[in-house]
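Below: the structure, in structure tokens.
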Amino acid sequence: MEMFVDHSTFLPFDADGSIPFDRLHNHEHAIICLALLVYAASALHLDRARAQCRDALSLLLVAVVFAQELLVFHFHSTDHAGFEGHFHWLLQLVVAACLVTALLGIAFPRSFVVGLVRSACVTFHGVWLIVIGAMVWVPSRVPKGCSLVEEDGRNTVRCHSEASLHRAKALANLQFGWYLSFMTVFVVVLYVIVCRMYPAETAYVRLPPEAGEEEEHLKRKCGVVSGDDDVQGFTPLEIEV
């Protein structure tokens, strides 16, 4: 939607087909959404076609999405010096964690820990995007000493002094730590509740035999009888022909 709304012209391109400077960030966000759309369609097709290694391929597509998002936000068209840029730096940490866990899921497909951490990272990624939207685009949530202004055809947060900028960045770090702690507690509590609701079933395995018992068992199978064994034989029969 941001490609077509809140701009002087409806089309996201100039008359000569080039991308305007004030639309660069819109195209950067759109390419991330396009990668998500490609992943969703491909994963759905692989699942319906019951393709071999579809789980590994789906995780590879997820890794491509997060790699592209990390690339876009690292080389974002907006600067990384202000309040919004600091939120983007923190977002890159979350995206990098999602990328690493997606790649680990390919190497360790049966690891419960990898799957749990990957799900927590993706959830925290969504939470942090909501926090960015609230702190950067809602005027009432902008830190004290900063204001929402329009620059180069887009709205951004600018602080009025160096002290206000340092305070705003410190608040962003505090928020990141708070939400990370809340997410950790939520995942642990959810894991404990699920373990209580679905306890692990008792598994029975055959105990390995003792060394002496195994040797005795092999002797009896082969017909070897020791002198201490009580053996009852049969008297030979004489048959006249």
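Glycine residues also receive a Cβ, built from the backbone N, Cα and C atoms like all the rest.
Automatic prediction, not curation, is the source of TrEMBL annotations.
Per TrEMBL, transmembrane segment is recorded for 29-46, 58-77, 89-108, 120-138, 176-194.
Below 8 angstroms of C-beta separation, residues 90, 116, 120, 123-124, 127-128, 131 of the same chain, each at least six residues beyond the ends of the transmembrane segment (176-194), sit close to that stretch. With a threshold of 8 Å between CB atoms, the same-chain residues lying at least 6 positions outside the transmembrane segment (58-77) that come near it are 24-25, 28, 31-32, 35-36, 38-39, 42-43, 46-47, 85, 88, 91-92, 95-96, 98-99, 102-103, 105-106. Panel annotation: around the transmembrane segment (89-108), residues 56, 59-60, 62-63, 66-67, 69-70, 73-74, 80, 114-115, 117-118, 121-122, 124-125, 128-129, 132, 172-173, 176 of the same chain, lying at least six beyond its termini, place a Cβ under 8 Å from a Cβ of the stretch. When Cβ-Cβ distances below 8 Å are used as the criterion, the transmembrane segment (120-138) is approached by residues 83-84, 87-88, 90-91, 94-95, 97-98, 101, 148, 155-157, 172, 175-176, 179-180, 183-184, 187 of the same chain, each at least six residues removed from its ends.
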